[in-house]
């Protein structure tokens, strides 16, 4: 009787071991605990189908090589980069484009191109972090920094997000006002835009691919609208090419040049992209699978930012053609741009005013929805909150909508005041840039976090130079702004104290990056 009992126990043990091995093979979330917030559940991720001719043994598990290129796989990986690219097309960027075109003509197109390239480099680092570790930037900051520093980083990220969201919502409200012939005031447009968070939740229930398809339609709407305007304006082809290929800068255009670079890096977008790339099913135990994902995300992000560059170029050249060297050049902003375009280019079958309004609405709506998305990842990552998606989206949306409604009610009748507010919001976001860039660069440079996917010395040098350039440029913007706007002993003293604290915290982040303690998970250690 003992022998059958022993056989039964042996079979039970084997079944238990098989179950454990099965979980180890199929459930990558062993890296996190059940209580931790994650970017995507396993059921939400897009399954990456293997090609029939693919053979794991041919590539070798852990060798770091990648399978041959596949158009089918590129299609499956396409999506996160285009969602990320929307931050390069938000109403704040469009206003920077039109002002650069009106004041500097075609002369800053080369800078727009290189600024987009710098933005691509930063976003690829963000994607690399997310793919290699299986966690996004906010989650990693929660683990790597002490509580007080983590809370400061979270508050700064939320401020950056709110500042960006106010600009995006106001941009949408301006577009709604244009398309309604002024019937709907700014505050009504803000309320309509606020409903997009429920649209976002509705779409999210149908899966990430459906949500990405909606964003693709919005980007296509922008591309068609601004390309139509480009065709209407008929800018000079030779001047456009010279503007792209020949660097040119003058004392008159230096401030707009700084603005072009400064608005490319959006702090919340760095957090967002590191989470979006986790929407695909990637086996991080096999290095070549991680490398494959990084390759496809690099291609996809490059295409997405090329599209965004072309859209920004269309806007810049339309206003360069119409308003450069005119008396109106210094007075054009997002509020009056549509009417100025109408006065310059006239009506026609499709009045350019409404074409501009449609493009601006697509930009505003898409960027506010991605802002809601980023807000969820930032809050969940830093605070590790497990809450219903609708509640978290409602909290994130309310943080921006309530101050935006106040802004719309107070400043609806004053274009000049709205422009001043926009400058303050740009300053608010510029201040936050180091608090996303520095942690990102420190994390992707560490082998104990990235494993074999850490960036090399050359890449580190280039990345830190780009980060330093962006931070210095935004520092210049801050200096210019406070020099012109801040006066009096009390205000000067407060600004000085803030600047000292700000500089000390940046120094702390850099110093902390040099002395990161080993993390509990090394990306390249699972094979």
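Backbone N, Cα and C define each Cβ position, glycine as well.
Sequence-distant contacts of the transmembrane segment (109-131) (same chain, at least 6 residues past either end, Cβ-Cβ under 8 Å): 39, 80-81, 84, 88, 97, 100, 137, 140, 240, 243-249, 257, 260-261, 264-265, 269-271, 273-278, 282, 284, 290, 293-294, 297-298, 301-302, 305, 308-309, 312-313, 316-317, 437, 440-441, 443-444, 450, 453, 455, 462-463, 466-467, 469-470. What TrEMBL lists as transmembrane segment is 109-131 (among others).
According to TrEMBL, the transmembrane segment annotation covers 182-203 (among others).
Residues or ranges marked as transmembrane segment in TrEMBL: 215-233 (among others). Proximity of distant same-chain residues to the transmembrane segment (215-233), defined by a Cβ-Cβ separation under 8 Å and at least 6 residues beyond the stretch ends, is recorded for 82-83, 85-86, 89, 307, 310-311, 314-315, 317-318, 321-322, 341, 345, 348, 350, 352, 355-356, 358-359, 362-363, 365-366, 369-370.
A Cβ distance under 8 Å defines the sequence-distant neighbours of the transmembrane segment (253-272), meaning residues of its chain 6+ beyond its ends; these are 83-84, 87-88, 90, 92-93, 96-97, 99-100, 103-104, 107-108, 111-112, 115-116, 118-119, 122-123, 126, 136-138, 156-157, 160-161, 164, 370-371, 373-375, 377-378, 381, 426, 429-430, 432-433, 435-437, 440, 469-470, 473-474, 476-477, 480. Residues or ranges marked as transmembrane segment by TrEMBL: 253-272 (among others).
Same-chain neighbours of the transmembrane segment (293-315): 66, 69, 73-74, 77-82, 84-86, 88-89, 93-94, 97-98, 101, 109, 112-113, 116, 119-120, 123-124, 127-128, 131-132, 219, 222-223, 226-227, 229-230, 240, 277, 280, 282, 453, counting only residues six or more beyond its ends whose CB sits under 8 Å from a CB of the stretch. Taken from TrEMBL, the feature transmembrane segment applies to 293-315 (among others).
Listed as Cβ neighbours of the transmembrane segment (353-378) (distance under 8 Å, sequence separation of 6 or more from its ends, same chain) are residues 39, 83, 86-87, 89-91, 94, 136, 138, 154, 157-158, 161, 164-165, 168-169, 171-176, 178-179, 193, 196-197, 199-200, 215, 218-219, 221-222, 225-226, 228-229, 232, 268-269, 271-272, 275, 334, 337-339, 341-342, 389, 392-393, 396-397, 399-400. The transmembrane segment annotation in TrEMBL covers 353-378 (among others).
Look at TrEMBL and you will find 390-411 (among others) tagged as transmembrane segment. Within the chain, the transmembrane segment (390-411) has long-range Cβ neighbours (under 8 A, six or more residues past its boundaries) at 158, 161-162, 165-166, 169-170, 173, 185-187, 189-191, 194, 197, 200-201, 371-372, 375-376, 379-380, 417-418, 421.
As annotated by TrEMBL, transmembrane segment applies to 423-444 (among others). Here the transmembrane segment (423-444) has long-range neighbours at 92, 122, 125-126, 128-129, 137, 140-141, 144-145, 152-153, 156-157, 159-160, 163-164, 166-167, 259, 262-263, 265-268, 270-271, 274, 450, 454-455, 460, 463-464, 467, 470-471, 474, 477-478, 481, 502, 505-506, 509-510, 512-514, 516, meaning same-chain residues at least 6 beyond its ends whose C-beta is under 8 angstroms from one of its own.
Marked as transmembrane segment by TrEMBL: 456-477 (among others).
Residues or ranges marked as transmembrane segment in TrEMBL: 489-511 (among others).
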